[in-house]
């Protein structure tokens, strides 16, 4: 390897020892008889100090010729001293320029000079050199790691379902069509049907982390056309409350994992991530509409709570319940997909829920309808063709246990967890209504 240590691995035990550090030139300072280079790697900064009397003439003459964002390797001796900004410095014995950076740069990777989001996304490779941007994606990595750890600890099995499908998961037209040889196909908008089919296999508890594709023409700060979904399904449940319990445990685990493992990144972002208040409050859809009505926002029964309503409710729950996270459940059946189980005693209401995080929906779930005859009727009620779902319905004819699950938007979770205003900032190369490159 061209380096022996990252910046954060240089400790006092290495004082007087030889190391090789590598990264991007963040800054060069020439004070005449002494020159400085600050090298940035993914873990932080290394100060290279070059006194004229202690380094070769070749190195001394090369340093002023370095440009910002040149990639260099420095081999030298570690010196811990209070005079150094970071508490230590490296006195260079060798300096090699690996790659030169063009000038001017497309944006300032230190973030001191602000750039428009579009400029940043067009130059994402350089945008991530900004420590604050990199911190977001280190936290994103931790989120996915924590999700897997949680599900494995709960006895779940990871599955992988197809992303090229023949029919819509939930009906509707929000699908990206493609040619599959001589046939028409679509990109999957959800693994819903497949994870339910897994409940007939005996696997009982499954999860998947995978991309989903939705051809929605939204151009908002919280919508993407390609996003990552965290999906779970479990069998032999008694009601949707058990699914909400599972989701609450997952969210709490993830947030606490980030609090524990990403202190440095949270500090870089200057953000305090609080432990979630548990249990998450649970309010019915009817209660949510009542609260909104008291706040002057009227929503007809049966309609989804719109963006304005979600924000008002989020503010209300924070101020009155001290809760950032809360469930809304017992939705009107007409507002939810065909596979959600209705209450037998009140079929206009179903066993669905949404999880809201400070006024933004991050997850939807519920108990599914496992009775073949009832499910078939619900497909027809939604105006869908049962023949399009024969492969799915077949799994319900040979012994299907009661089951439920949820889909959780990874980007929305991260966006709300870190209080970031635009969802495009938490995915490397966003795909939205207007962006297909890079």
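Placement of Cβ uses the backbone N, Cα and C atoms for every residue, glycine included.
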Swiss-Prot ATP site partner of 214, 215, 216, 222, 223, 224, 409, 410, 411, 412, selected from 272, 275, 361: 361
Swiss-Prot annotation (region 'Aspartate') - matching range among 188-191, 192-195, 196-199: 192-195
Secondary structure tally of the region 'Aspartate' (192-195) (DSSP, helix then strand then coil): 4 helix, 0 strand, 0 coil
Candidates 216, 361: member of the binding-site residues with the richest Cβ shell (10 Å): 361
Spatial neighbours of residue 410 (ATP binding site) that are distant in sequence (at least 6 apart) but have CB under 8 A: 140, 143, 144, 209, 227, 228, 229, 230
Site with most surrounding Cβ atoms, counting all protein chains shown within 10 Å, from the recorded positions 85, 214, 223, 412: 412
Between residue 223 (ATP binding site) and residue 85 (site 'Important for tRNA discrimination'), the C-alpha gap once rounded to whole angstrom: 42
